[in-house]
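One structure is given below, encoded as structure tokens.
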Amino acid sequence: MTAIIERRENSSLWARFCEWITSTENRLYIGWFGVLMVPTLLTATTVFIIGFIAAPPVDIDGIREPVSGSLLYGNNIISGAIVPTSNAIGLHFYPIWEAASVDEWLYNGGPYQMIVCHFFIGVCSYMGREWELSFRLGMRPWIAVAYSAPVAAATAVFIIYPIGQGSFSDGMPLGISGTFNFMIVFQAEHNILMHPFHMLGVAGVFGGSLFSAMHGSLVTSSLIRQTTENESTNNGYVFGQEEETYNIVAAHGYFGRLIFQYASFNNSRSLHFFLAAWPVIGIWFTAMGISTMAFNLNGFNFNQSIIDSQGRVINSWADIINRANLGMEVMHERNAHNFPLDLA
């Protein structure tokens, strides 16, 4: 048998570029989604940093009452934010070239829309990049599926909610105090605390924290010691070792006796799927709740639903929450309303 070896022809520049982009040997995987992710996230990050430091006040309500958000205009890390695009712009696409000047663009909050749009494309591309790398390594796609939960949450507050309310000025400000303001106003207008999807999200986040702490503490408490008493147990682990690093039987037995037998997983794969699925599904529900409340399908209203035999109202906690909602509602954007309550 004769083997014929031919010298490989020099590949084109484009072919070498494609090979480099999709190579899993790079220190950081780029991928085709990364080609879109890198410039969009760099743009969003750069504009955010510059805007947080130096952006002038923004006329968020469209009534010529600008709100300051940057450090150079009197804010600190906690009170500072990228102020949302003006209500005068609404949902219009507002790039720099649509404004008469850069000053007008800044006054109307153009940077917020620029950051949010690039950030949205960037995080979606990051999710796609996770799937792409998993595919090339022969892994299952669940990492990208799990990441879809925070992507859905960000999409809900930055994209879906402004669309439903008719203006980017209703989007979540990009700052700490601005986020709190968004939460308070959202409760006032939509009664989110009484929405079952938000309740499921709370169960997902708090439950996920509890399960993570339980799992971590159980594993840490049942490590198989490979070191002396005078050395850290952690030093007994060798990266890539084939044998188990902890005794799952001991952990299962402990937890089964602490609660009851069937509360403890005896399958490591089922356990880790549960740890991933619980918070992800909870955050999915919260994102769906925000997206439905965006179109004013609000939380439950049990106001004045309990009355005595004489027809007098017996207040429940729902009525107390409603009273708080009314107070928050009439106090926010107090110069923008012609009526005590939004007609929506």
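Going from the start of the chain as shown, residues are counted 1 onward.
The backbone N, Cα and C atoms fix where each Cβ goes, and this holds for glycine too.
Note that this is a predicted model, so its numbers are computed, not measured.
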Open item on the list: Under Swiss-Prot, the annotation transmembrane segment belongs to which of these stretches: 87-108, 197-218?
Closed with: 197-218
Task: Long-range environment of the transmembrane segment (274-288) - Cβ separation under 8 angstroms, sequence gap at least 6 - done: 142, 145-146, 148-150, 152-153, 155-156, 197-198, 200-205, 207-208, 211-212, 215, 265
Task: Between His190 (site 'Stabilizes free radical intermediate') and His272 (Fe cation binding site): CA-CA distance (Å) - done: 35
TODO: Give the distance between the Cα atoms of His190 (site 'Stabilizes free radical intermediate') and His332 ([CaMn4O5] cluster binding site), rounded to the nearest whole Å.
DONE: 14
Task: In three-state DSSP terms, the structure that Asp170 ([CaMn4O5] cluster binding site) belongs to - done: helix
